[in-house]
Structures are given as structure tokens and as C-alpha cells.
């Protein structure tokens, strides 16, 4: 890399700025020749800069128009990421379709998605929709739209048919698979991949289905096993959980990156308790909370340097 500084403009919500654009990231990037520059939305983008790269998490027709104008006048600059590609992750029904197209040559591991169905506002019977598609209780009810809004995070666990009465379509109903109470969050930044273990929904034994409530919001689910497990036992559970093979995780991440045409995303993956080598992707998020990872500054700066090299290659063509 030549001794040149690169200007990376960014547009993020204020909450995202405070969590992601930390001094540690700014300083680490600066030490490696990358200057992170906030873009002023009160001024036309084309009048700001120059920028070698723009990374953002913003939508809407006005911003799309500004990005298009910027790209036309700066053909070698890199935009992370195209709005069209990002918006494909806003629909929970279709966001996981790409997973079924992956060609993973694992030793024993397989990758897939849970059974899921869409229930529209005009659907006559939620129960009929479930039974006709081979879904069994419990199921997870998720809003159709996944755009980062508060409403898009309002999810519930439906344990019995009676719980369907409390749901408001349009929604996506997704098969709940017991997975040992551990979720694997895989963060992707270009070619850089990091997998971490996190606490997830507890397994639900069949004998408990009859005594639990019909419908439980995710915010209440921690109470499901509160009388059975404390924080120490959860920590031990996560500590004992075996990580998926790194080669397998990287292969899935790389193929998803290419298929989604995105640089910045993460995906949530669980391991089926009944079939130990069967992994399921249950969610994909654009520009996730990278700062939750230890030493996220190192991973993100390495990604920024890759983009800087790509920018140099574009200039030399």
C-alpha cells in the first residue's frame, strides 16, 4: 500500500455512530492511512468529499438519488453497499432464499433454513396455513419487514394453536428448532469473518408445551427457564458449546457475501439439537453491531484497507 491517505465518508443513524464510530476505531484507522469522515446530510453529497469510499446505512429515494449522482461523477469510488442489495434483507420471507442456493462442500456439516411461511392480512386461517406447510408448534412469529425499526423487532414464540389469536398479519411464521440455547453470530466484513457464541432462546421440551403460555413475546422468554437456570448456568452452557468448524463458517460467509452482493452483514446460525451437523441460518442483518465483537477495530480496519486497495486498482484501470 503506497503512503497515501484515504477518505471514507459515512452516513449512519446517530445511535449507530455512537456505537460504531468509536475513538478506538477512528484512531486505528488513522494509523493505517484511513480517515473516517462524517457526511453532512444537510448539504448535497456531490459538494462534499473527495471520498474514496462511502459506507452507509440509510435508505429513501433522496439518498438513493444522491448516491447515484456521486457514483456517476466518481466512477472509481466504492459504495458500501448498494441500496438495492441492502433492501433485499428487509423482507424476512425472502431474505433467507439465498441460503438454499449455497453449495457448501462440508465434511459432514449441512446448511439450510427452517421451514417458514408468510401469512398475509387476508389469510383466512393461520392454523390452516401452518398445517398445510408442515409446520409444527412451537413457531416463531416475526414481522414481515426487517428494516431496523422498533416494530420490526417485535417477535413472539407461539407454543399452541390458541396463541395464533394474538398475532397481527402480515407476519412470517418460522419453525422453532431446539438448538441447545446457543446461537452463533457470524460477522462478515468483506473477506473478514468472525463467529461468536451468544445466549439464545432455551430449548423447549415437549413435556413443557402443555404447561407454558400460548404466546410469549421475546422480551419475556428469559422467564421461561428462570426457575431452572441462573446466569452462571447460562454462561457455562455457552462456554461448553462447540463452535462450528471455522472452514465451514468461512465457506458459508463467503458464499453468502457473493450471493447477496454485500460487504457488511452478519447472519445468525443455530445447530439442530437432533441432528448435530445440521446448521440453520435463521436471520441475516445488514451492517450489524460490529462493536459488540472484541477488538472489532482490527477487523474493520483490515476491511477498510482491502477497500482502499480496491480503490487503487480501480484508478489504475
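Note that Cβ sites are derived from N, Cα and C of the backbone, with glycine treated the same way.
Just so you know, TrEMBL annotations never went through curation; they're auto-generated.
Computed from a predicted structure; not experimentally measured.
Going by TrEMBL, these are the annotated features:
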BINDING   16, 153, 185, 285, 289  1D-myo-inositol 1,3,4-trisphosphate binding site
BINDING   57  1D-myo-inositol 1,3,4,6-tetrakisphosphate binding site
BINDING   92, 142, 174-185, 200  ATP binding site
BINDING   268, 283  Mg(2+) 1 binding site
BINDING   283, 285  Mg(2+) 2 binding site
DOMAIN    103-316  domain 'ATP-grasp'
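TrEMBL feature annotations superimposed on the structure.
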| residue | record | Cβ neighbours (10 Å) |
| --- | --- | --- |
| 57 | 1D-myo-inositol 1,3,4,6-tetrakisphosphate binding site | 18 |
| 92 | ATP binding site | 22 |
| 153 | 1D-myo-inositol 1,3,4-trisphosphate binding site | 12 |
| 178 | ATP binding site | 17 |
| 185 | 1D-myo-inositol 1,3,4-trisphosphate binding site | 20 |
| 200 | ATP binding site | 20 |
| 268 | Mg(2+) 1 binding site | 17 |
| 283 | Mg(2+) 1 binding site | 20 |
| 285 | 1D-myo-inositol 1,3,4-trisphosphate binding site | 17 |
| 289 | 1D-myo-inositol 1,3,4-trisphosphate binding site | 14 |
Of the binding-site residues listed here (92, 178, 200), which is spatially closest to residue 185 (1D-myo-inositol 1,3,4-trisphosphate binding site) when Cα positions are compared? 200
What whole-number distance in angstrom separates the two most remote CA atoms of the 1D-myo-inositol 1,3,4-trisphosphate-binding residues 16, 153, 185, 285, 289? 19
Distance, residue 178 (ATP binding site) to residue 283 (Mg(2+) 1 binding site) (CA atoms, angstrom): 16
Long-range neighbours only, meaning 6 or more apart in sequence with Cβ under 8 Å: which ones does residue 184 (ATP binding site) have? 195, 196, 197, 198, 243, 244, 249, 268, 269, 270, 271, 279
Residue 182 (ATP binding site) and residue 289 (1D-myo-inositol 1,3,4-trisphosphate binding site), compared by Cα position, are separated in whole Å by 18
Closest of the binding-site residues to residue 178 (ATP binding site), Cα to Cα, picking from 16, 285, 289? 285
Rounding to whole Å, the Cα atoms of residue 153 (1D-myo-inositol 1,3,4-trisphosphate binding site) and residue 174 (ATP binding site) are apart by 15
